[in-house]
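Trainee: Below is one structure. I have some questions about it.
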């Protein structure tokens, strides 16, 4: 029985992550569908299901915070509690599928130890190769497609942690993380399900009993409100507001629904990480993405910790090969972390080309016109004559922002929750079909932008 008295058979243990984003588009196509109907048929069950799906994870994260405050407990108690709570929640979410995650962590730590002792100068590369090979082999030969699609996010976070441990040059044979701290980090309850990625030093720093004050409470309340607000946007509001039948409006609706589901995960991950004791840090900014200055800004704000990880451990490592090659390798690494999925690979590699074209094109225009129209916002003491508050500069930046919104609608159109193949991950035919319906417009615009860049 729900709190509002309506009969509703519900078992939190039966709720999967995908169940939070049910498709209600058929209901909303009814022209007589009212706001009251939306409240009772979609908003209430969505919020109720969302709360129960996250309640256990939030409570366990808060319990770890309570454990930190018990000063009489030894250090190993913190690591054991962190890993045990993480494994408990992993089992609650994925049940027997947790075995793939445990095997990955155990072998990954073993590879890390061997590389640190035998080939320390290459340990980062070795760990990265192992992670990518392990993920590819499991996805191709062992794991069921639907199952792998469910646990892929957790495997991605785990791979990022293992690779960052390998690349971090300050670890030596003497002070490599022992097994308890390492597994406490890998299975950290605040980051193991939804993320975000945190460094090992941030995990160790979370043992400090940070003061619980008004800003801490405000940040938790803000992120919870934004998270569940965007959950309703993804599941209810987009289909209700944008059911027009116009192809580009529908494309924007599907892309917005996907982005809103990402905001839900990102903000709830910030909640669990902060509750578990990790020093609060921004995971995403919906405002910077929905009203972007550029696609480069979108990439940065989409997932700030992952952007930092890719920049630190992939881009800087590949930078000697040249900026363009480093950008492509960065997006290729991101694509592999997300799995062997043509849809994601196509989107990420398209973004790689788009952001490179946008960066060099706007840089050339900024140099020609001496104006603050770079892809990233200029510093206040930049050398440009025409600053950001100049009317024409604002108009140009708004124009590029609208272009970025156009690209986002195009790139996100295939992430529609109504597709029957969503649970297995979208394939090549689905992606190309969706883009062909829009005449590959975004790719044509990017190509013309690149040609124009060479002509000016």
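Using the three backbone atoms N, Cα and C, a Cβ is placed for every residue, glycine included.
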Trainee: Scan 98-116, 155-173, 250-268, 269-287 against TrEMBL and say which stretch is down as transmembrane segment.
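Mentor: Among 98-116, 155-173, 250-268, 269-287, the range TrEMBL annotates as transmembrane segment is 98-116.
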Trainee: For the annotation transmembrane segment in TrEMBL, which listed range does it cover: 340-357, 358-375, 376-393?
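Mentor: That would be 340-357, per the transmembrane segment entry in TrEMBL.
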Trainee: In TrEMBL, which of the ranges 38-58, 122-142 has the transmembrane segment annotation?
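Mentor: Checked against TrEMBL: transmembrane segment maps to 122-142.
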Trainee: Kindly say whether the transmembrane segment (178-199) and the transmembrane segment (435-455) touch, using the definition of 3 or more Cβ pairs under 8 Å where each pair is 6 or more positions apart.
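Mentor: Per Cβ check, the transmembrane segment (178-199) does not touch the transmembrane segment (435-455).
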Trainee: Who are the chain neighbours of the transmembrane segment (435-455) in space, where the CB to CB distance is under 8 Å and they lie at least 6 residues beyond its ends?
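Mentor: 247-248, 251, 350, 353-354, 357-358, 360-361, 364, 403, 406-407, 410-411, 413-414.
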Trainee: Would you kindly list the residues that approach the transmembrane segment (395-415) from elsewhere in its chain, counting only those six or more residues past its ends and only Cβ-Cβ distances under 8 Å?
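Mentor: Contacts with the transmembrane segment (395-415): 248, 251-252, 254-259, 289-295, 297-298, 343, 347, 350-351, 354, 358, 362, 365, 371-373, 375, 388, 426, 430-431, 434-435, 437-438, 441-442, 445-446.
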